[in-house]
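So the structure is just underneath, and the comments pick up after that.
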Amino acid sequence: MWRVLFLLSGLGGLWMDSNFDSLPVQITVPEKIRSIIKEEIESQVSYKIVIEGKPYTANLMQKNFLSHNFRVYSYNGTGIMKPLDQDFQNFCHYQGYIEGYPKSVAMVSTCTGLRGLLQFENVSYGIEPLESSVGFEHVIYQVKHKKADVSLYNEKDIESRDLSFKLQSIEPQKDFAKYIEMHVVVEKQLYNHMGSGTTVVTQKIFQLIGLTNAIFVSLNITVILSSLELWIDENKIATTGDAKELLHTFLRWKRSYLVLRPHDVAFLLVYREKSNYVGATFQGKMCDANYAGGVLLHPRTISLESLAVILAQLLSLSMGIPYDDINQCQCSAAVCIMNPEAIHFSGVKIFSNCSIEDFAHFISKQKSQCLHNQPRLDPFFKQQAVCGNAKLEAGEECDCGTQQNCFLLGAKCCDTATCRFKAGSNCAEGPCCENCLFMSQERVCRPSFDECDLPEYCNGTSASCPENHFIQTGHPCGPNQWVCIDGVCMNGDKQCMDTFGGEAEFGPTECYSYLNSKTDVSGNCGIGDSGYTQCEADNLQCGKLICKYAGEFLLQIPRATIIYANISGHLCVAVEFASDHEDSHKMWIKDGTSCGSNKVCKNQRCVSSSYLGYDCTTDKCNHRGVCNNKKHCHCSASYLPPDCSVQSDTSPGGSIDSGNFPLVAVPARLPERRHMENVYHSKPMRWPLFLFIPFFIIFCVLIAIMVKVHFQRKKWRTEDYSTDEQPESESEPKG
């Protein structure tokens, strides 16, 4: 059963004046007072930090949560994913406590100064380096909700006991340790919100994972960041819609594109200006490859501390740990982590007795097997390429492993000594590499798997296949009754066959009108807190999936209740799954299924299909192609992009994105100026100005010459006149 996290009260932001007090920023200079060094790394360290005029000692132990082969990935201009060459460290992240305060947690990174969070029982302080400081100055600020009247402990609150410093006391027990390997995807809007830079965004994700690890200490769980993916230029899937819809879309993408990326669970982090939801995941599906994932929505008013609480709650739900019943579940902190209100509280948060019991039950089952695998966590100062380790790293063209491994693999393109291509080779592996050479443009590297999907071709200059493209969402498919949604024809008949087998088809209107109007197990428009949701008349075909069954035998579906009804001569069937059944989503009509003329289903309601944003007209591609998800024409065979207006008998069809054409196709004739402006967004015509300038200069020169000639002629006439008069004057008699 999928679970959606709600913000149960009005969202308040840690930095919003309307909901939070104006908090003063203090300047402090942390002082390192002791440390323990193992293998050239500070495994444990203590800092004295002054807060509000009083010194506190933070005892920290190195906490490594990056896998040994951790990479940050992004996409280049052609849509090919590449690892980023970044200089980051995994040995400078620490976790610990404030000396003298047993209910405290410190999570600090020392990579570039001290950056992190100091949590007391019911108040938190953020610390980070002061930019442009000539000393070791840091800013420290209290994360304080306006409604919370909290402060640091007074001296009387400290337990009367020996407060002598023992670094070894913070060493965690390694018995029964569990590990969650997580792949994180940051979509474009959140990337921009976090700073629009790979380094700053990566550091904030490190902080988020560090804070999350501090929460899971009591369960002896380490969240390992196995890889990070940044969608810098564009999102690879649509990130609109509610949390449930986005979760299903992301999981479909995950199953296609993260198959070869090692991880237990994948999370998509999405920015929303405001949202009533903060995330969604499937409960108890942490180790199920098809459902191990979630989406985390980051409203503008949520701080990084609250975001870590949300992530911890989502991961807990994935491990079968539900929300606490506050009347029966207790913990020693001011608020327990699985309390829905926990995101509104500062300070330490731990798991309740109920959560610990639920976690113990989960790890005792076979479905928790992925948590028992301990990944390699070797410290690294910088990602150094190691030739011969069978991993393609920065600066390498290929790496098939040792010479013996390369021989066994039949790798003949890679020089095992230099990890460079051998002479005459331009690739070593990949869907578009054959015999050490790039495949030609006409070779299909990813065939279409659905009538709404599109094939991709090798581009002749890369061993990789172009990113996946599909017909624009909203395009009609099937017998013009259904529409394409994210590359899949949302065919009602196929939904029925997937649920009830090949002898089922989409039910007639009579079946939907009768069963979905009953508002019970046989038909409804969803399940809410108060029970089944009634279908309004317009929404009858968007509730429970009702199919027409023509088989001779009774249906057999494990852990399911089959509902049969004979309506107007049709044998109509529906199904009811338990809430935690992995196929429970099959009970409902899928979003995007047609429910009338220019209408589709969305969240069990029949709405206008305009929300899909389909704007591809038949004229755009000259009736010889379809628009893809980038709104570019994918032409039929024998026609050329970009607008399918030019015929070529040898063309297999395609688009400027499919790989078998250059990014800007050159047609045999120029398209109309109107089309050129639509495609390239040309600026208003300015060329007459550039032609006018030389003519203006020539004109000015001619004017200058004419003026000069005019005055020269005038001078000549004056001189001639003076010459004629002078002899007459000189002939007059003297005297």
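The backbone N, Cα and C atoms fix where each Cβ goes, glycine too.
Fair warning: this is a prediction, and the values are worked out from it, not measured in the lab.
In the three-state DSSP assignment, the secondary structure recorded for C287 (disulfide bond) is coil. Summarising the annotation, Swiss-Prot assigns disulfide bond to C287-C370 (among others) and lists similarity to another entry as the type of evidence.
Secondary structure from DSSP puts C329 (disulfide bond) in coil. Annotation comment: Swiss-Prot describes C329-C354 (among others) as disulfide bond, evidence class similarity to another entry.
Annotation note: C336 (disulfide bond) sits in a strand segment as assigned by DSSP. Summarising the environment of C336 (disulfide bond), the number of other Cβ atoms within 10 Å of its Cβ, over all protein chains shown, is 22. Among the features that Swiss-Prot reports, disulfide bond is placed at C331-C336 (among others).
Counting every protein chain shown, the Cβ of C465 (disulfide bond) has 21 other Cβ atoms within 10 Å. The secondary structure of C465 (disulfide bond), as reduced to three states from DSSP, is coil rather than helix or strand. Look at Swiss-Prot and you will find C445-C465 (among others) tagged as disulfide bond.
Under the heading disulfide bond, Swiss-Prot lists C616-C627 (among others). For C616 (disulfide bond), the same-chain residues 6+ apart in sequence whose C-beta sits under 8 angstroms from its C-beta are Q472, G474, H475, V626, C627, K631.
Contacts of C621 (disulfide bond) defined by a Cβ separation under 8 A and a same-chain sequence distance of 6+ are given as C627, C633, H634, C635, D643, C644, in order along the sequence. Per Swiss-Prot, the feature disulfide bond maps to C621-C633 (among others); the stated evidence is similarity to another entry.
Summarising the annotation, Swiss-Prot assigns disulfide bond to C635-C644 (among others) and lists similarity to another entry as the type of evidence. There are 30 other Cβ atoms within 10 Å of the Cβ belonging to C635 (disulfide bond).
Sequence annotations record features per position, and here Swiss-Prot assigns domain 'Disintegrin' to 384-473.
Annotated domain 'EGF-like' per Swiss-Prot: 612-645, in sequence order, evidence recorded as sequence analysis. Break the domain 'EGF-like' (612-645) down by DSSP state and the numbers are 1 helix, 9 strand, 24 coil.
Taken from Swiss-Prot, the feature N-linked glycosylation site covers N76 (among others). Its Cβ placed at the centre, N76 (N-linked glycosylation site) has 10 other Cβ atoms within 10 Å.
Positions annotated as N-linked glycosylation site by Swiss-Prot: N122 (among others). Of all Cβ atoms in the protein chains displayed, 21 besides its own lie within 10 Å of the Cβ of N122 (N-linked glycosylation site). The DSSP secondary structure for N122 (N-linked glycosylation site) is coil.
Here Swiss-Prot flags N220 (among others) as N-linked glycosylation site, drawing on sequence analysis. DSSP assigns N220 (N-linked glycosylation site) to coil, not to a helix or a strand.
Cβ neighbour count for N353 (N-linked glycosylation site) (all protein chains, 10 Å cutoff from its Cβ): 14. A helical conformation is recorded for N353 (N-linked glycosylation site) in the three-state DSSP classification. The N-linked glycosylation site annotation in Swiss-Prot covers N353 (among others) and rests on sequence analysis.
N459 (N-linked glycosylation site) is surrounded by 24 other CB atoms, counting those within 10 A of its CB over all protein chains shown. According to DSSP, N459 (N-linked glycosylation site) is assigned to coil rather than to any helix or strand. If you look up Swiss-Prot, you'll see N459 (among others) marked as N-linked glycosylation site, on the strength of sequence analysis.
The Cβ neighbour count for N566 (N-linked glycosylation site), using a 10 Å radius and every protein chain shown, is 9. Positions annotated as N-linked glycosylation site by Swiss-Prot, on the basis of sequence analysis: N566 (among others).
What Swiss-Prot records for 1-16 is signal peptide.
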For C370 (disulfide bond): DSSP state (helix, strand, coil): helix
Entries of C336, N353, C445, C465 which, being recorded positions, have CA atoms within 10 angstroms of C329 (disulfide bond): C336, N353
Greatest C-beta neighbour count within 10 angstroms, which of the disulfide-bonded residues C370, C445: C445
Minimum Cα separation from N566 (N-linked glycosylation site), reported as the residue among recorded positions N76, C287, C331, C354, C445 that achieves it: C287
In the chain carrying C354 (disulfide bond), residues 6 or more apart in sequence that have Cβ under 8 angstroms from it: D324, D325, Q328, C329, M338
Taken over the domain 'EGF-like' (612-645), the model's mean pLDDT: 92
